[in-house]
């Protein structure tokens, strides 16, 4: 079973003293989400969001050399788009330009409707695929946010809003951590350890994903200890899952890499990209929405003897400096402009925390099903087939089929490093 849990926090602080009456914001889940009429932006969003994902990936890879990389691009895009809804002037322009949108070509209303459509589509119930994305805003009791902002973020982003006493740091920290733990089904515990004073608003964005492999691995086929090359001088031992199955795959001669698609039983797929030794940076530089479209067109189904490591990794980032380097400067500066959130001056973005957890294993079946269940059409005599062994650094993407969204993106450098 393959499971992913993701958390993204935006922490905002006030530089000026706020004088206003306490605001009792509404609490509780948003249970309805109405899809807007489709517009031109909807058709551009998958490509724009994918290109943002790869730009952010390249920044994180440079900032975290030789480390595992893992994050949820679609969640970050949705959280920043939500933040842009309450921003103005150059603050808003920079946020949207970092995401890849040009306000000259894309009206703000169409953009917001596009994200509303995306979130509603991703949250659509499915018996075989657990996928839920949502937001929560924890607002200081002394701050009175604009009613329009509260209404809009509920309608567009399925956002829960909580009135929080940030003067009681330990209680506020416990409230947020409890919420995060509940929404990630216990996978992220105690996220915030040292909440600072003078924080007035925290935005939490989360995504929970759990899916079955369409063709689960047999536990009995897993090699308990197999070599995985971290670099030229380092080799680690990992459990290696093994299966002979028909997969869509493609050898990209131009980029010197092998691409393999593993389907989940519902509307999602995993894309593994294995560069030839010494060609990782070449592949990373070439990653784009056009590259994904090319691979999607050229993937061919055939028998593959596949070896995939069984592993768990997690990644935590403060994306503040990264987003500023990408061009989102004003939101973190004294000149930050958030007139759509509150009439009070001095509100700016202080932190942008991100945490993601990944587990990939053989199970791929519902609870209670036999772990030895396998493909019914696996041949007794192996036909002529390709062999793909993910035994060195590889790229990993999880995509949702209906919206063509990049749910998760990462690089596995060392599968033993959690």
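Glycine residues also receive a Cβ, built from the backbone N, Cα and C atoms like all the rest.
Listed in Swiss-Prot for this protein:
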- 296, 401: thyroxine binding site (BINDING)
- 24: N-linked glycosylation site (CARBOHYD)
- 39: N-linked glycosylation site (CARBOHYD)
- 102: N-linked glycosylation site (CARBOHYD)
- 168: N-linked glycosylation site (CARBOHYD)
- 227: N-linked glycosylation site (CARBOHYD)
- 256: N-linked glycosylation site (CARBOHYD)
- 1-20: signal peptide (SIGNAL)
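Annotated features, which come from Swiss-Prot, shown on the structure.
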{"residue": "39", "record": "N-linked glycosylation site", "Cβ contacts under 8 Å, 6 or more apart": "110, 113, 114"}
{"residue": "102", "record": "N-linked glycosylation site", "Cβ contacts under 8 Å, 6 or more apart": "96"}
{"residue": "168", "record": "N-linked glycosylation site", "Cβ contacts under 8 Å, 6 or more apart": "none"}
{"residue": "227", "record": "N-linked glycosylation site", "Cβ contacts under 8 Å, 6 or more apart": "235, 236, 237, 391"}
{"residue": "256", "record": "N-linked glycosylation site", "Cβ contacts under 8 Å, 6 or more apart": "275, 276, 279, 282, 283"}
{"residue": "296", "record": "thyroxine binding site", "Cβ contacts under 8 Å, 6 or more apart": "none"}
{"residue": "401", "record": "thyroxine binding site", "Cβ contacts under 8 Å, 6 or more apart": "267, 268, 269"}
